[in-house]
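Pulled from TrEMBL, these are the features on record:
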DOMAIN    11-326  domain 'YjeF C-terminal'
BINDING   GLY124, ASN177, VAL178, TYR179, GLU180, TYR181, LYS182, ARG183, ASP246  (6S)-NADPHX binding site
BINDING   217-221, 236-245  ATP binding site
Amino acid sequence: MAGSAVYEADAEAVVRRITPPLDRSRHKGQAGKIAVIGGCREYTGAPYFAAISALKVGADLSHVFCTKDAATVIKSYSPELIVHPILEESYSVRDDERASVSSKILTEVAKWMERFDCIVVGPGLGRDPFLLDCVSNIMKHARQANIPTVVDGDGLFLITNNLGLVEGNPLAILTPNVYEYKRLVQKVLNCDVNEETAAEQLTLLCQKIGGVTIMRKGKADVISDGKTVTQVSTFGSPRRCGGQGDILSGSVAVFTSWARHFIMSNAEPTEKSFVLMQCRVNPMTLGCIAGSLLLRKAASLAFEKSKRSTVTTGIIEFLGKSLEDICPAEH
């Protein structure tokens, strides 16, 4: 395909195809086990939004790995989440303890890692140096275990300053907003964002980092894996309350896990959608397309109800209806 070609995704077809049917013979965990790595003293809402959104989309289990200060707060938001208070910030660790504490944290996370179908790194993570070092080790371990990783928020700050964490990893998804994307372009391509050649620049950015999938969030979410460029431009909501990116990252994680299972099951799609046929070999792309559409539909329904009072928790409550409207559950 031409470098400048951007195709509108047949996003509803993607959602319908990769969403697993509800089957009475299934057991707990088969619809997805997601983990969010994030949450510190200052930021407890973001990891909650990402983790609870994963459950609302349809994952069976959702975990949060956060600092001890954040754990009790996040637990109080919902009993549905499994919260692990194991991360540490610099202020709570002596210099002579850092190596041992870091090793202990990684050992604890590693016990769980292979159970997860996808992890989300970054919501509410903050920028504490010791915490970021620990999360870097977690990301390396996830990569060794071939666990798909969605990187958002402060996770993007981390990888922009340490590209080796995602370089050459086809199981990494980056979801930058306009400011995070600008920093990535400046770091990797050593230039500014050029809207006139936006598709080519996004493609090149993916290629330079090495096989990652990037969803550039905006009026239309534009997605590339360095080979194809697709977009989801379904209108969502004019309300730009904080936290919608966290809903997106949690949703993308679930859909990515479903897309991987769909592809590994060797099921052949029947839809004639160009995008589905071309991108079905990359579950990262499919996960981004589906997550983008679902958030936009939920945001639209929430805005219809609440207008200027729309907040993130209101959008989350419409995730289930949005998915049901596209892909009705079997009764």
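For all residues, glycine too, the Cβ spot is worked out from N, Cα and C.
A TrEMBL annotation is a machine prediction, not a hand-curated record.
Structure with TrEMBL features highlighted.
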residue : record                   : contacts (Cβ under 8 Å, 6+ apart)
GLY124  : (6S)-NADPHX binding site : GLY38, GLY39, CYS40, GLU42, TYR43, THR44, GLY45, ALA46, PRO47, CYS66, ALA70, GLY153, ASP154, ASP246
GLU180  : (6S)-NADPHX binding site : LEU156, PHE157, THR160
LYS182  : (6S)-NADPHX binding site : ASP192, VAL193
LYS217  : ATP binding site         : THR175, PRO176, ASN177, VAL178, TYR181, GLY245, LEU248
LYS219  : ATP binding site         : SER233
ASP221  : ATP binding site         : MET215, GLN231, VAL232, SER233, CYS288, SER292
ARG239  : ATP binding site         : ALA299, ALA302, PHE303, LYS307, ARG308, THR310
GLY243  : ATP binding site         : GLY45, ALA46, PHE49, VAL311, THR312
Binding-site residues (VAL178, SER237, CYS241, GLY245, ASP246), the one with most neighbouring Cβ atoms at 10 Å: ASP246
Largest separation between Cα atoms (Å) of residues that the record links to (6S)-NADPHX, namely GLY124, ASN177, VAL178, TYR179, GLU180, TYR181, LYS182, ARG183, ASP246: 20
